[in-house]
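Trainee: Encoded as structure tokens, here's the structure I'll be asking about.
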Amino acid sequence: MTKIMFFGTRDYEKEMALNWGKKNNVEVTTSKELLSSATVDQLKDYDGVTTMQFGKLENDVYPKLESYGIKQIAQRTAGFDMYDLDLAKKHNIVISNVPSYSPETIAEYSVSIALQLVRRFPDIERRVQAHDFTWQAEIMSKPVKNMTVAIIGTGRIGAATAKIYAGFGATITAYDAYPNKDLDFLTYKDSVKEAIKDADIISLHVPANKESYHLFDKTMFDHVKKGAILVNAARGAVINTPDLIDAVNDGTLLGAAIDTYENEAAYFTNDWTNKDIDDKTLLELIEHERILVTPHIAFFSDEAVQNLVEGGLNAALSVINTGTCETRLN
């Protein structure tokens with residue numbers, strides 16, 4: 001019987017993974033550990049592996065997988081910047097991802113957290129906790145229908161986000177290297193700077209790559225409309241975090257919502273209750289009154305989790321049986 005290791009198992013995923021194994025006549029072993037130099041030897045007797053990495057995979061894992069006859073790694077996220085695709089290819093390892101698992105879920109999250117900032121929820125909550133129930137200009141907002149929203153990246157998630165904002169009646173500008181002709185209700189601009197210059201809300205939906213690394217830094221923030229709101233439910237490396245904090249502090253941004261952080265791997269998805277966090281930048285984000293931080297959780301719905309579990313396992317089995325899969329990256 002074919003054997004697949006399901007690394008990075010959350011409690012709520014275990015039953016889904018085992019049920020998939022029964023339906024597909026595959027022996028699935030679940031483990032809460034991640035694939036790494038320390039765990040790769042567990043795969044000696046396996047045919048395939050799926051995992052949910054957050055940090056960079058060590059280079060010595062690829063040749064070890066090859067030596068064990070394993071031909072793939074099925075990543076259970078859309079992002080894949082934790083892998084060296086060229087090195088994997090050199091060792092005959094197919095890397096795959098799950099590019100679409102519930103774009104609407106992430107879009108809904110992106111809009112809902114933006115609305116918290118639009119309607120000044122953090123400020124209102126602090127006032128109420130202090131028993132200040134007055135109405136003041138500082139917590140007055142304006143309707144989204146009178147706003148311009150910039151969507152940076154109009155793939156599946158960005159497109160879904162744009163459609164929600166369109167339902168509010170917002171004016172929508174966008175930038176994408178490959179414009180979506182079906183999104184005829186928005187206006188594409190020739191650059192990110194052009195797309196954001198008049199935007200009240202900026203919503204990021206781009207992958208992590210060389211072109212997007214620290215795309216939003218001090219130089220980019222200099223082109224932002226004063227008082228804009230920035231939402232990042234894409235990848236942490238898209239933002240230069242210290243520059244973001246400066247932009248909020250100096251009033252360039254009214255606020256920001258951050259679901260991804262470039263140094264999140266050690267912290268996000270882990271319980272750090274009653275532990276010391278050494279990352280001073282992360283602490284500054286968390287403690288900032290006008291920055292909302294969530295732990296890479298925008299995708300987290302029952303539909304998305306089911307699709308990620310099955311998407312990873314389906315890709316692993318496809319490579320085992322045919323040598324490739326539809327979501328292959330290298």
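Glycine is no exception: its Cβ is also placed from the backbone N, Cα and C atoms.
Not my notes, these are from Swiss-Prot:
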- Arg235: active site (ACT_SITE)
- Glu264: active site (ACT_SITE)
- His296: active site, proton donor (ACT_SITE)
- Arg156, Ile157, Asp176, Val206, Pro207, Ala233, Ala234, Arg235, Asp259: NAD(+) binding site (BINDING)
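For the listed features, I'd like the structural context: burial, neighbours, distances.
Mentor: In the three-state DSSP scheme, Arg235 (active site) is classed as coil. Around the Cβ of Arg235 (active site), the number of neighbouring Cβ atoms within 10 Å comes to 25.
When secondary structure is read from DSSP and collapsed to three states, Glu264 (active site) falls in the coil class.
DSSP classifies His296 (active site, proton donor) as coil under the three-state reduction. In sequence order, Phe54, Asp259, Thr260, Tyr261, Glu264, Phe268, Thr269 make up the list of same-chain residues 6 or more apart from His296 (active site, proton donor) whose Cβ falls under 8 Å from its Cβ.
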Trainee: Could you tell me which three-state DSSP class Asp259 (NAD(+) binding site) falls into?
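Mentor: Reduced to three states, the DSSP call for Asp259 (NAD(+) binding site) is coil.
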Trainee: Let me know the DSSP-derived helix, strand or coil state of Asp176 (NAD(+) binding site), please.
Mentor: coil
Trainee: Around the C-beta of Arg156 (NAD(+) binding site), how many further C-beta atoms are within 10 angstroms, looking at every protein chain?
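Mentor: Looking across every protein chain shown, the total is 19.
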Trainee: Measure between the Cα atoms of every pair in Arg156, Ile157, Asp176, Val206, Pro207, Ala233, Ala234, Arg235, Asp259, the residues the record assigns to NAD(+), and report the largest value in Å, rounded to a whole number.
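Mentor: Site span for NAD(+), by Cα atoms: 21 Å.
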Trainee: Measuring Cα to Cα, tell me the gap between Asp176 (NAD(+) binding site) and Arg235 (active site) in whole angstrom.
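Mentor: With distance taken Cα to Cα, Arg235 (active site) is 16 Å from Asp176 (NAD(+) binding site).
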Trainee: If I restrict to non-local contacts, at least six residues apart, and a C-beta distance under 8 angstroms, what lies near Pro207 (NAD(+) binding site) in its own chain?
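Mentor: Ala78, Gly79, Asp81, Gly153, Ala234, Arg235 - these are the non-local Cβ neighbours of Pro207 (NAD(+) binding site), listed in sequence order.
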